[in-house]
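K.L.:
First the structure, which I've put down as structure tokens, then a few questions once you've had a look.
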Amino acid sequence: MESYLNQNFDVKAKHSSEEALEKWRNLCGVVKNPKRRFRFTANLSKRYEAAAMRRTNQEKLRIAVLVSKAAFQFISGVAPSDYTVPEEVKAAGFDICADELGSIVESHDVKKLKFHGGVDGLAGKLKASPTEGLSTDAAHLSQRQDLFGINKFAESELKGFWVFVWEALQDMTLMILGVCAFVSLIVGIATEGWPRGSHDGLGIVASILLVVFVTATSDYRQSLQFRDLDKEKKKITVQVTRSGFRQKMSIYELLPADVVHLGIGDQVPADGLFLSGFSVVIDESSLTGESEPVMVNAQNPFLLSGTKVQDGSCKMMVTTVGMRTQWGKLMATLTEGGDDETPLQVKLNGVATIIGKIGLFFAVVTFAVLVQGMFMRKMSLGTHWIWSGDEALELLEYFAIAVTIVVVAVPEGLPLAVTLSLAFAMKKMMNDKALVRHLAACETMGSATTICSDKTGTLTTNHMTVVKSCICMSVQDVANRGGSTLRSEIPESAVKLLIQSIFNNTGGEVVVNKHGKTEILGSPTETAILELGLSLGGQFQEERKSCRVVKVEPFNSTKKRMGVVIELPEGGSLRAHTKGASEIVLAACDKVVNSSGEVVPLDEESIKYLNVTINEFANEALRTLCLAYMDLENGFSPDEAIPASGFTCVGIVGIKDPVRPGVKESVELCRRAGITVRMVTGDNINTAKAIARECGILTDDGVAIEGPVFREKSQEELLELIPKIQVMARSSPMDKHTLVKQLRTTFDEVVAVTGDGTNDAPALHEADIGLAMGIAGTEVAKESADVIILDDNFSTIVTVAKWGRSVYINIQKFVQFQLTVNVVALIVNFSSACLTGSAPLTAVQLLWVNMIMDTLGALALATEPPNNELMKRLPVGRRGNFITNAMWRNILGQSVYQFIVIWFLQAKGKSVFGLDGPDSTLMLNTLIFNCFVFCQVFNEISSREMEEIDVFKGILDNYVFVVVIGATVFFQIIIIEFLGTFASTTPLTLVQWIFSIFIGFLGMPIAAGLKTIPV
């Protein structure tokens, strides 16, 4: 079976081809309810629609760009537009409508933009300031929202409970049984009268309704869980200026004329126009499919919603929001396309198809055997031409039994149990600070064999402070002495230089919030350095106003440094500042500021002293940064790159970022679970090694390597080296990508990778499970990830691995349980029909059994919470069989036991229990039905563990399991004792009840014995 499934029902956890997705759909036969079975599979037709929309967008934008280029050349000769402001817009106090605004950006219409007075003119017409942003007055914002719309795209409405009831009724076998019940009612009432003749028919109707309502309730709860998770996925915030104050705000609250601050890795939240910024490069592939990035500046100011900032930073003014943007229309279509189905969903669809076909064959043969027995009986009596109402009902009962065998035999619940388990796990993981973006990541994480983790913010707290410095060749302990003491020991000229470098060459900002308090915005590294600048007595706003910024090169993980060129206030001369990885920036310096504040050449002794200082800081697990400057005496053009050498070193700072509590224990837990943890960081190798040792990642036999060294290795050397690598320092994004690819393809590992930056996207995309950081991560990283770690904590990653294993094993438990019921129900009814000419389990009884093993079984077994024992097992890896030998052993052992018990009761039951008289067969069949159900109840408990003998451990922690078992037993008593006329049962004696429960319980020691058999 496993090889057939691997050949035909095998899809990847990520990036499956459309052919693979189509293939398994076409192979799915014997589907009882397509609406329900394929509810959580991708809508391929909607995806094709979205792809077509992207192609249209690409063509539209290509034409718009060509037209705008032509317009630039003839702009002076263009006649003014004949735009008229609509009356309702005028009445609201604005001078431009939403449609006109939308057409300017979407069509890249330079002519219209010029006509409306450029960006400043549009801001005026929208009654807003390009510097202060919108007013925070609630009435004003509400009026603007009514006129221009909200920044949300249309979503499909949440299905109501009755829609799920209707979908559950679409089950073909239930519809056939419904028809049988209807015919049974008519024939029964016609021959036996009301109410006696209606019992069989009403029994089937009641059973169908019970199955439908239990199924619909389960499906409805799942849909609510997914809707909650979708809401969490869409929580995206941006920095916005309103009423002159910069603040964080949800993208869904944006309105036209809002001033939005964008940086590397941000997603453009709405259509808008460039206000100011540097080196802005936009990736429009998500909207147009076009991979070539686009430069955005004052000449090409158009920014489209849904595109990504690949480089640079800027301020933009929002013009169009929500469904008026192309991104809004595309997202509405993409949302309907749905997520890819997970490998387990597809595999279990394959299992359901195989067993469904076997079940259909057995159902047809059972029906044929029963009908043949009836005909033979009638022929022997010579009444084959004469048919009574009772005989017609008997024939109908045979047909109902055959259909019900299909109901029980087709394990429609298998693929749906995956969804149930994943929905449950995703909801619980959300509480554990992990947001799952793709369903498949849940189950794949359970097979992970390697985690490649970032250092900063994941293994460490990401709360950074400058604790040591080496400024003007003098090492100081900043943490204990404070900024004012430090200032007194540095020459005044060097202090001014340092403050100028800190406040101008930064991606952060010091602002006064609406409560009048000073607030530092930016990454933790920038915040630490800005705090040092403030403690030295610097004034951020004054320093920024005194110098004019000419060019900015934002931090880049490939160059590992950032730079700025400024025009100085005195004399207008130009100066470049740079900061970044200490050894890289120091290598670009040929001069240094000495202890007297003088600039002197950087000789061998000074270089050695500074390198020793860098290593000392790094060995204390400090992150080191070097700050340097250069006076550009020969002038500078903004089109040029900032020089790469010739700088003067001002100083080196050591930043403390403590290791997170609990990381060492989590790393040890991973090691015991067979998961290798590797640290991949852009930091100095000594810093990385110090932190890795503290976390327990770097062991005596492990290797720490630098990215540039790793890059130079041949494939043969990599084969020997990669299994030993525990730390990779000074790595570039491509080094990370190469390591992940080698681990996945060459070493067949299941790899989880963490990432927070834009450049981590390729590695996150390549990995089996991409884990993005919720706090430090950029929108581009989150978009490429499968799971978002909301608290950026490594311990949460281990929790995700634990939940992944739990999901995988829970589904295995349910499959084992359901296949056992399938096998026994099939064989019992088939063999009984062939050998005795009647089936011991009626249609109503089989429907009840189906509900026990399907919806209720999935609820009980697929929602088992994880335990620490899961992390003591080795991971499944990439090649592990889903239905293991241990599972087949348990299924076959239990099936044989249950079949022997039921067959013994059929053959010897009447004599053992002294049953005679007209109701003896009914009594025996009730006893068989009761024993069969209690076998399933105790088998369900045994299925909680597939290898362990103690199945009661932690049973009370799973209240769902206890409730399901309790409800099953309670309703079984009701069915036997009080619903006999509908369920074809009769009340049992106390001895018979004790016997039924004992037979069921006996399955537990047998299951325990089976677990001792090695496979």
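Count begins at 1; order follows the chain as displayed.
Backbone N, Cα and C define each Cβ position, glycine as well.
TrEMBL entries are annotated by machine, without manual review.
Source: prediction; values computed, not measured.
What TrEMBL records for 5-49 is domain 'Calcium-transporting P-type ATPase N-terminal autoinhibitory'. Annotated domain 'Cation-transporting P-type ATPase N-terminal' per TrEMBL: 116-184, in sequence order. Residues annotated as transmembrane segment in TrEMBL: 172-190, 202-220, 354-375, 395-425, 886-905, 920-938, 959-984, 990-1010. Residues annotated as domain 'P-type ATPase A' in TrEMBL: 235-333. The annotation domain 'Cation-transporting P-type ATPase C-terminal' is assigned in TrEMBL to 839-1011.
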K.L.:
For the transmembrane segment (395-425), what are the same-chain contacts with Cβ under 8 Å, counting residues 6+ beyond its ends?
P.N.:
30-33, 36-37, 39-40, 171, 173-174, 176-177, 180-181, 183-184, 187, 200, 204, 218-219, 222, 225-226, 342, 344-346, 348-349, 351-352, 355-356, 358-360, 362-364, 366-367, 370-371, 374, 436, 439, 442-443, 803, 806-807, 810-811, 814-815, 818-819, 821-822, 825-826, 829-830, 833, 839, 841-843, 846-847, 849-850, 853-855, 857-859, 861-863
K.L.:
Between the stretches 354-375, 886-905, 920-938, 959-984, which one has more Cβ pairs under 8 Å with the transmembrane segment (990-1010) than any other?
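P.N.:
It is 920-938, which has the most Cβ pairs under 8 Å.
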K.L.:
Can you name the far-off residues of the same chain, 6+ from the ends of the transmembrane segment (920-938), with a Cβ under 8 Å from a Cβ of it?
P.N.:
817, 821, 824-825, 828, 840-842, 845, 848-849, 852-853, 894, 897-898, 901-902, 905-906, 909-910, 913, 965, 968-969, 972, 976, 980, 984-986, 988, 992-993, 995-997, 999-1001, 1003-1004
K.L.:
I'm checking region-level scores; what's the whole-number mean pLDDT for the domain 'P-type ATPase A' (235-333)?
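P.N.:
Value for the domain 'P-type ATPase A' (235-333), mean pLDDT as a whole number: 86.
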K.L.:
Could you break down the residues of the domain 'Cation-transporting P-type ATPase N-terminal' (116-184) into DSSP helix, strand and coil, giving a count for each?
P.N.:
40 helix, 3 strand, 26 coil
K.L.:
Please spell out the DSSP helix, strand and coil residue counts for the domain 'P-type ATPase A' (235-333).
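P.N.:
Its residues divide into 18 helix, 48 strand, 33 coil.
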